[in-house]
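Peer 1: Below you will find the structure I want to go over with you.
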Amino acid sequence: MSIFKRLLCLTLLWIAALESEADPLIVEITNGKIRGKDNGLYYSYESIPNAEHPTGALRFEAPQPYSHHWTDVFNATQSPVECMQWNQFINENNKLMGDEDCLTVSIYKPKKPNRSSFPVVVLLHGGAFMFGSGSIYGHDSIMREGTLLVVKISFGLGPLGFASTGDRHLPGNYGLKDQRLALQWIKKNIAHFGGMPDNIVLIGHSAGGASAHLQLLHEDFKHLAKGAISVSGNALDPWVIQQGGRRRAFELGRIVGCGHTNVSAELKDCLKSKPASDIVSAVRSFLVFSYVPFSAFGPVVEPSDAPDAFLTEDPRAVIKSGKFAQVPWAVTYTTEDGGYNAAQLLERNKLTGESWIDLLNDRWFDWAPYLLFYRDAKKTIKDMDDLSFDLRQQYLADRRFSVESYWNVQRMFTDVLFKNSVPSAIDLHRKYGKSPVYSFVYDNPTDSGVGQLLSNRTDVHFGTVHGDDFFLIFNTAAYRTGIRPDEEVISKKFIGMLEDFALNDKGTLTFGECNFQNNVNSKEYQVLRISRNACKNEEYARFP
């Protein structure tokens, strides 16, 4: 090569390096360069692949790290693709949406010229392990505060993410394995985007909260994040760890045309050959009515010989073993969390005007095990009927199911599906763990939220329903409209809570002027109650 050509090459490389250094939208990682987008208040880098495409031969397999190298600059200005799902909130008969090839991370960094690095909040979205995506959770409120870098991840949902035959051939939990691989990617790469790899907090809502708890049950989670917050969902909720997965997997096979095989390896091979849309659309065949059960496919306990197993023991057994990450954890609920799922019972039939709740009077023993997730936990029909009878007597006594008795039904759903697990989780963690365990209850009804959306009614007061707190952190127009001045204040305090949790090395947690009290080494339950204009530490000998 001539001297002239060498000088020309060096000059071009030097110019390219200067351009990259001068352009804050260009980030370079092992796979190559990434170009983001300037959104005014913040920079975004969306739809970055972190895993190989989970399609074809890689469907129903543990995710593999993304290994391709980009020769051109990767365009990270494309809106995130939602994983394929049968979405409860699509008000049409065909609820199919999304793409099977969806394993990406999206990063949002405040524009602060005088600041080069930020603590990191990783979001695990909710959706009952069946639907949802990080893209519906807004980040504008956090970006306006300008103190946190936000990462949203995608993971397999419904049958594509959680179908399981209960053996090593189709063990399940692929969605949880997707999450774990994404967390590893974030730890490795986030510094390139201005994130602090030693100051990462994982937060999730509903199924995302349960996922955060399940991730924490891996000892080496302590190397991936500094702490975790499970909002209105944890691993002990009855809808999280599923039984009956094998039966549903083979039923799925029959629905999509795999015949009546009872051999797991044959079923897996057949399912790999079917269109993803057929597999996901089969969800409708598992619904008893409306979108019940709301989680037809979810996490399972895998066999010990499963390759790349994520969970081989029940979460309670894992906690009792003490072999989980000793990092601070917060577990929360709202006073009327059960408004999710219960509110849909108030939806009127467009033809008859009758509501699902009216039909419960004749169908309670048929539907209750699906509504409250003990269909597969009970061994006999008599066991199911006995529990259904006891629950009705406990919460309604001799009252009929109706709009007038809705609050009794909602309280039942709140207790069984969300609240009862909180003291159980606290008890186990403080007995077998050493790291701080915090809890809060949110008690501040919104003007319009999930209750109104699911019921399609405005004539019923729902209280503080599922998501009324979380949607103040990640503003979500799809699930609520408007935000009051008091909620603006609460939103800022929640965001400050996340920043402090990520930055401090003492494992403490604060909300505005209130300091959370640690449940470890405490005989009483320590719960912070957050209401419209106040926060207050409450202490219970028995959980209320």
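Every residue, even glycine, has its Cβ placed from backbone N, Cα and C.
A quick note: this is a predicted structure, and the numbers were derived from the prediction, not measured.
For 1-19, the entry in Swiss-Prot reads signal peptide. Marked as N-linked glycosylation site by Swiss-Prot on the basis of sequence analysis: N75, N114, N262, N456. Positions annotated as disulfide bond by Swiss-Prot: C83-C102, C258-C270, C514-C535. The feature active site, acyl-ester intermediate is assigned by Swiss-Prot to S206. Here Swiss-Prot flags H466 as active site, charge relay system.
Looking at the shown structure, can you explain where the listed features end up?
Peer 2: Taken residue by residue with DSSP, N75 (N-linked glycosylation site) is part of a strand. Cβ environment of N75 (N-linked glycosylation site): R35 lie under 8 Å away, each six or more residues apart in the same chain.
DSSP classifies C102 (disulfide bond) as coil under the three-state reduction.
Listed in sequence order, the same-chain residues six or more apart from N114 (N-linked glycosylation site) with CB atoms under 8 A from its CB number zero; the list is none. For the recorded site, N114 (N-linked glycosylation site), the DSSP three-state label reads coil.
Cβ neighbours within 10 Å of S206 (active site, acyl-ester intermediate), excluding its own Cβ and spanning all shown chains: 28. DSSP classifies S206 (active site, acyl-ester intermediate) as coil under the three-state reduction.
Under the DSSP three-state reduction, C258 (disulfide bond) is assigned to coil, being neither helix nor strand.
N262 (N-linked glycosylation site) has a Cβ environment of 10 other Cβ atoms inside 10 Å.
Under the DSSP three-state reduction, N456 (N-linked glycosylation site) is assigned to coil, being neither helix nor strand. Listed in sequence order, E347, R348 are the same-chain residues at least 6 apart in sequence whose CB falls under 8 Å from the CB of N456 (N-linked glycosylation site).
For the recorded site, H466 (active site, charge relay system), the DSSP three-state label reads coil.
Spatially close to C514 (disulfide bond) yet at least six residues away along the chain are L528, C535, K536, N537, judged by Cβ distances under 8 angstroms.
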Peer 1: Within 10 Å of H466 (active site, charge relay system) by C-alpha distance: pick out those among the recorded positions C83, S206, N262, C270, and say none if nothing qualifies.
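Peer 2: Within 10 Å of H466 (active site, charge relay system): S206.
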Peer 1: If one looks at the chain holding C270 (disulfide bond), which residues at least 6 apart in sequence have a CB under 8 angstroms from its CB?
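Peer 2: Set apart from C270 (disulfide bond) by at least 6 residues yet with Cβ under 8 Å, we have G253, G257, C258, G259, T261.
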Peer 1: For C270 (disulfide bond), which of the three DSSP-derived states applies: helix, strand, or coil?
Peer 2: helix
Peer 1: Let me spell it out: for each of the disulfide-bonded residues (C83, C102, C258, C535), count the other Cβ atoms within 10 Å of that residue's Cβ, using every protein chain shown. Which one has the most?
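Peer 2: Counting Cβ neighbours within 10 Å, the top one is C83.
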Peer 1: For H466 (active site, charge relay system), list the number of other Cβ atoms lying within 10 Å of its Cβ atom.
Peer 2: 33
Peer 1: Could you tell me which three-state DSSP class C83 (disulfide bond) falls into?
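Peer 2: In three-state terms, C83 (disulfide bond) counts as strand.
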